[in-house]
Amino acid sequence: MQSMKLQHGMERELCLSVCVIQLWMESATRKLQGDTRAASLLQLKGEGGGLVVLLHDAASRETRKRSSERPAHRGDRGIIIMSAIRKQLSFQILLLFISCRNINTKTLGATAPPLDPTAPLQKLERSYVLKGDSHTEKVELLNPVSLVLMCTWTGSQNKPTNITGFWSKDGKEIENSRVTVQLENKQYNLKRTFSIASEADLGSYSCDFGGEAKINFVLAVPQMGDERDKPIVSYLGDSVVVPCKLDDSKPTPNTWNWYRANETGKEQIIAGQKFSIKNDEKKTKLVIHDLTADDSGLYYCGAVYGVGITMGRVELKVISFFEPLKPFIAILVEVIILVAAILLYEKSRSKKDYTAAGHLGKITDQRRALR
């Protein structure tokens, strides 16, 4: 604070000096006869300070005295010029006063205290003893942690004194992770600490023993479980409830988010007039109002944990009220066609029988006539 006050004082003095120099230069360039004494300057009051410029009457009296010694017509002209210059100088002094005041009286706010250092990540250890050549271990994480992974391999039958071990993430070797692993107590040990701070740090971490054995640690947030196979079907203009839940064995998430699939990926749904979201610990419901055909598609519920989000997927189909009737209408049409075909067939058959009977009657009559 003391250094701040000192800096402000130096700025005030510098500004005042500039004011004095400009006043003297302005007076000299005008080539006024007689000396114009510069006024005494500068009285700083209080901590904020202020510039008080005092113009002594001596300068005015001296100017009037010099002017009276000249001829009347030149004196009048000098008085007019002096008056105009004094007005101009007064205006410039006022501008300088405002400028200096804005610079020097600015009060700096208190410096914000430094932020507290970020708390260290909670330490978590996971280990596995491998007797074969490979194994996959699942690790569920809820919050950011400093994860210590420890791999132990009992080795092959001929067990060399040392092998080369390294770590990889998602199938890609981690830079500078290769080390020489010594055989100790008939086994090899590989250990490394990983900072898991965000969802990007999740994935598959593998410890590799000379290309002969590997242990995979799959880091993920708690998974949603089985997805719904069949879509939810609702009708145009109605409202529908799309449910989503975690298994009872899973930990409760911090909150829930809903997303809708679009051309570029997923778009988060914000509750409003069209959508309502109801969360209840391990369950969530998305309510969609005034359904239209455009509301059909994939919806994703996201259980949000401290280190990532686990997703569940639900498909919605919006249909018209006539949609369920289409199979029945199709069946009805088929029945009508079948009945019509039968009737036509029967009618055609009856006509043929009648024609055949008439022809047979004529033949009989003719035979009787011949007898």
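Each residue, glycine too, has its Cβ placed from N, Cα and C.
Here is what TrEMBL records for this protein:
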- 113-207: domain 'Ig-like' (DOMAIN)
- 222-320: domain 'Ig-like' (DOMAIN)
- 327-345: transmembrane segment (TRANSMEM)
- Mean pLDDT over the domain 'Ig-like' (222-320): what is the value? 92
- Note on the structure: Taking DSSP H, G, I as helix and E, B as strand, the domain 'Ig-like' (113-207) contains 3 helix, 55 strand, 37 coil
